[in-house]
Amino acid sequence: MATVKKVLPRRLVGLATLRAVSTSSVGTFPKQVKIVEVGPRDGLQNEKNIVPTPVKIKLIDMLSEAGLPVVEATSFVSPKWVPQMADHAEVLKGIQKFPGVNYPVLTPNFKGFQAAVAAGAKEVAIFGAASELFTKKNINCSIDESLQRFDEILKAARAAGISVRGYVSCVLGCPYEGKISPAKVAEVTKKLYSMGCYEISLGDTIGVGTPGAMKDMLSAVLQEVPVTALAVHCHDTYGQALANTLTALQMGVSVMDSSVAGLGGCPYAQGASGNLATEDLVYMLAGLGIHTGVNLQKLLEAGAFICQALNRRTNSKVAQATCKL
């Protein structure tokens with residue numbers, strides 16, 4: 001297993017405390033934000049070389065140690081489609097279960113849901129999309145048909161007391177359709193919420209969104225679904241992830257998805273690399289005086305560990321500025 005080198009300068013300790021400067025506008029933001037760390041699943045699923053199971057387990061444990069309240073651990077998808085996630089059961093069983101930390105797993109179908117439950121999953125996630133063409137190309141059915149396929153999962157989850165999180169892809173743009181109507185995003189989000197998803201993450205899958213587009217989309221969705229049930233999942237393909245996240249914060253959204261070291265993208269959307277780096281998100285939120293419960297120093301150590309294991313450079317600007325990776 002790769003080992004962590006001591007690459008984090010101690011001067012970062014003072015930086016990481018980020019004595020938040022209060023501003024007159026802070027009152028417009030939530031006082032606390034829940035960060036959903038998607039690196040171990042969304043971040044690693046597209047890596048060409050198979051990441052050893054012990055490395056995945058250590059990464060998840062380090063992220064938990066850093067104080068992240070939610071760490072999406074893996075995906076119970078067919079190894080034929082995503083070979084990187086073939087060790088899903090071993091990962092879920094092998095990680096330390098930190099008190100107060102949730103470890104949701106992606107379940108694309110009922111077979112995956114059953115396997116996840118057998119491995120000890122307490123929360124699962126399902127995926128929808130706001131683009132008909134994206135849905136057709138990925139799973140060869142319509143949006144409505146795709147949601148109907150999840151009905152069995154939601155019913156079984158309800159009976160077993162398992163929480164279900166929903167994802168909506170392509171909320172600000174599609175690689176095939178282009179611009180997506182905010183009304184369509186609102187429609188799909190409302191359906192997932194009415195089906196029983198306690199939280200719906202709105203994903204800018206190809207990272208084309210701007211703050212204006214984010215505002216328009218959320219304005220439509222908030223007419224159908226309470227803000228407490230929403231999260232945003234921004235990609236930094238065009239360098240807009242933090243700006244879009246800030247816009248969502250201003251509109252009351254208090255759950256943010258991000259990936260350590262900015263790992264990951266979407267395997268079906270060409271050029272859609274670059275999830276929002278968790279390190280950069282934590283740095284911004286700390287500067288706004290918004291509580292996350294995340295220790296930036298330990299988070300940076302987790303990012304350094306996985307980047308060294310993958311033999312790659314971090315995509316986090318904060319890590320680049322302080323760790324020299």
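Yeah, the Cβs are placed from backbone N, Cα and C, and that goes for glycine too.
According to Swiss-Prot, the features are:
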- Cys266: active site (ACT_SITE)
- Arg41: substrate binding site (BINDING)
- Asp42, His233, His235, Asn275: divalent metal cation binding site (BINDING)
- Lys48: N6-acetyllysine (MOD_RES)
- Lys48: N6-succinyllysine (MOD_RES)
- Lys111: N6-acetyllysine (MOD_RES)
- Lys137: N6-acetyllysine (MOD_RES)
- Lys137: N6-succinyllysine (MOD_RES)
- Lys179: N6-acetyllysine (MOD_RES)
- Lys179: N6-succinyllysine (MOD_RES)
- Lys324: N6-acetyllysine (MOD_RES)
- 1-27: transit peptide (TRANSIT)
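Note on proximity: of the modified residues Lys48, Lys137, Lys179, the one nearest His233 (divalent metal cation binding site) is Lys179, by Cα distance.
Its Cβ taken as reference, His233 (divalent metal cation binding site) is surrounded by 25 other Cβ atoms within 10 Å in the chains shown.
Note on proximity: of the binding-site residues Arg41, Asp42, His235, Asn275, the one nearest Lys179 (N6-acetyllysine) is His235, by Cα distance. Sorting the recorded positions Arg41, Lys48, Lys179 by the number of other Cβ atoms within 10 Å puts Arg41 first. Ranking the recorded positions Lys137, Asn275 by how many other Cβ atoms lie within 10 angstroms of each Cβ puts Lys137 at the bottom. Comparing local CB density within 10 A for the recorded positions Asp42, Lys111, the maximum falls on Asp42.
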